[in-house]
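Annotated active site, proton donor per TrEMBL: Glu304, Glu544, in sequence order. Annotation comment: TrEMBL describes Asp437, Glu573 as active site. For 190-200, the entry in TrEMBL reads compositional bias 'Polar residues'. Residues annotated as compositional bias 'Basic and acidic residues' in TrEMBL: 201-216. Look at TrEMBL and you will find 108-141, 186-216 tagged as region 'Disordered'.
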Amino acid sequence: MYLGAAAAAGPPRRDFISVTLGPEEAVGVGGYNNSKAWRRRSCWRKWKQLSRLQRSVILFLFAFLAVCGVISYTSMGEAWKSITNKSLDDQRTEQEIPRLKLANPAVLPAPQKADVSRGDYPELSLQKPPKPPHVRRGPSNLQIKAPWRDMKLKTRQDSMRAVEELVEADKVEKTEKSIISWRGAVIEPDQSTEPPSSKITELEKPSSVEAEDQKEPVPISERQLAVIEAFRHAWKGYKDFAWGHDELKPLSKSYSEWFGLGLTLIDALDTMWILGLKEEFEEARKWVANDLVFDKNVDVNLFESTIRILGGLLSTYHLSGDSLFLEKAKDIGNRLMPAFKTPSKIPYSDVNIGRGTAHPPRWTSDSTVAEVTSIQLEFRELSRLTGDEKFQKAVDEVMKHVHTLSGKNDGLVPMFINTNSGQFTHLGVYTLGARADSYYEYLLKQWIQGGKKENELLEDYMRAIEGVKKHLLQRSEPKKLTFVGELAHGHFSAKMDHLVCFLPGTLALGAHNGLAADHMKLAETLIETCYQMYAQVETGLSPEIVHFNLHAQKGHKDVEIKPADRHNLLRPETVESLFYMYRFTGDKKYQDWGWEILQNFNRYTRVPTGGYTSINNVQNPSNPEPRDKMESFFLGETLKYMFLLFSDDIDLINLDKYIFNTEAHPLPIWVPA
Ligand code: DMJ
C-alpha cells in the first residue's frame, strides 16, 4: 500500500527513512535493465541521493544486525552441540541396556523410579504416543509362553526357570529391547532402566516376589489348574463382550458401566499375574497404557475406586515392577483427594475425578463408616511409594478421629458418620456386615502393614473383637453353629450377611501375628458356619444374607433364607477365609470346602459363551435365575483366593510380607515379619 502510494506521488521527500522507488525504476514503467552494472550504478546513485542522516541510520542498522547475527550464531552452536551430545548419550544408554541386563540377570526387573518431581498429575508422561507393540522375535521355541499352557506336569518353579532361561537366550540372541520379568510381563526399557529417585528408599521399591528360584519347587495342583480354567472362561466373556468396560453382562453378551474405568480389567490384573496368565496380562497392560484415562467427568465412589482401582494398580506395580501401574495409581490417587475437603475431614462418598469436586450422596451428608475407614492401606502405601505424605495424612486423620469418637458399643461402631460434624449417626445399630465390615478388617491390617507399631489401631481392633464376642455371637440350632448376628437398639437379630465371612480370615491373620489364641478358635468355628451357609443350601451356594435358627424346630436347618436375600453375587468372603485358614493350619478340609464351592459356581453360574453370572435364587438348582452380571470382584478376589487356597506354596504371596486389601490386592508389609 505505502509503496504504491509513494510511487503515485512522484519522488519521495528525502527526510523519510525509507527505500522507495522513483517512477523510472518502478516495475513496468520502462528503462528497466537488470544487468549487474546497471544494478550497481543504480544502487550507488541511490545511496548518494540519501541524506547523511539516512545513511548513518542505515549503517547503524546494518551494524546492529551484524552484531545480533554473531550472538545468535554462538548460542545456536551451543544448543546444537548439546543436542548432538544428548543423542550420543541416548545411544550409549540404549547400548548399555542389554549389557546391564546381562551383567545382572536378576529374576525381577530393576526397581522403577517413583518420580515425585512430576507434580500431582503425571498424565503428561502418560499422554506420550503409545509405544509400538512389543513384538516377539526369534524362533518359536524361544518365544515365551504362558507358564501353564503346555505344562501340566511341570512345576511352577520349573516353568519360571524355563521362562527365565528363554528370556535370557532371547535377550542375547535378539538383543530384545524389553525386559521380561519372571512372570513374563513386558516392561518397557525406558521405564525399567530409570535410576531410582533419590527420595525413594529401599522400602519404597516394588516388593516383587524375590529369590523364589532358591526354594524347593512347589507343584501346581489340579485344583489350581481348574481355577485357571475358570478364570480363562470368565476372561473370555469379558474380552469378547465387555473389553475395557466395567462389568460383563454374560447373558446379554454386553456390559454395564459403573465408573467407566474398565473396573473388571483393573481388578483382575494382579490375579492374572498370580495365576501366571502372561498373555492375558500383557494384553490388559496395553489397555491400561493406551486407554485407561482418569481425566473424565465422572462421579466415582471413593471407597470402591480406592479398593479396586488404586489397590489393583498398586499391587500390580508391586508384583510386576512395572512403573506404568504406579503412574496410574498416582493419577487416580490425586484425583480422589478432593473427597477429603469436608468440614470434618471425614471424606465424602463421591468424587468427580475429572472436575476435582466431591460430594455426599444426594439424600444425606453422611458417609458410610466402612467406606471412610477402608481406604487407608491404599493411600498409606501411595504415600510411601511417592514420598508425598498428603495421602497418608488424610486417611490417618480419619482413623485418629474415629478412634476418639463416642457412640461405640464395646468397640463396635455404628454404620454412618456425618461429614459436617464428624460424629456417628444412626446410633445403636451394630453389625459386622454391610457398611461396617471392613472397618474391623482394616484396623488389624493397618496395624500389620505399618509394622505393628500403631497401638491405637490394635487397641480398637482388640476392643471390637471383644464387642463381637459380647454382643453379636450366638449359636444356632440344630447344629450349634457359632454365628455373628446384629444388634439394633438392644435387640439381637440372628441375621448374618455373607459379607461377615471375611471375619474368620481376619481373626486367623491376627492370631498368626501374635494376637490372642482364642481368636484362632473363634475363626475355626466361624469358618465352619460360613461353609454351612453354602452346604445347607440347595445349590451349595450361599445367599447374600441368612437368618439362623435360634430354636430347634423339626425339619429345619440352621440356616433360613428370606426371598429377598436368596441371591448370590459370586462374592469372595468365605473363600477368602478358607484361604487364610488353610495357610495357617494346613488342614485340607478347607481346600475341600473351597473345591465344593468352585464346582458349584461352575454348575450354577457359568455361562457357556463366556463369563460367570450372579444368580437370583440359590435355592432353586433347576433354575437359579441368572442375573446377567459378573462382578469385578469375581476375578479380583474370588478366583484369586481360590487359586491361593489350592496352593501349597506359602511364598505365593507370603502372608508375612504382604497384606491383602479388602479387594484381595496384596500390598507389601512395611516391615516384613
Ligand atoms: C468387595 O468389593 C470387597 O471385598 C468389599 O470389602 C466388600 N464387597 C465386595 C465383595 O463382596
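Positions of Cβ are set from backbone N, Cα and C atoms, glycine also.
Just so you know, TrEMBL annotations never went through curation; they're auto-generated.
Annotated features taken from TrEMBL, shown on the structure.
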{"residue": "Glu304", "record": "active site, proton donor", "Cβ neighbours (10 Å)": "17"}
{"residue": "Asp437", "record": "active site", "Cβ neighbours (10 Å)": "24"}
{"residue": "Glu544", "record": "active site, proton donor", "Cβ neighbours (10 Å)": "20"}
{"residue": "Glu573", "record": "active site", "Cβ neighbours (10 Å)": "25"}
> Roughly how many Å separate the Cα of Asp437 (active site) from that of Glu544 (active site, proton donor), to the nearest whole number?
Replying inline: 14
> Reported as an integer number of Å, what is the Cα distance between Glu304 (active site, proton donor) and Glu573 (active site)?
Replying inline: 16
> Quick one: what's DSSP say for Glu573 (active site), helix, strand or coil?
Replying inline: helix
> About how far apart, in whole Å, are the alpha carbons (Cα) of Glu544 (active site, proton donor) and Glu573 (active site)?
Replying inline: 11
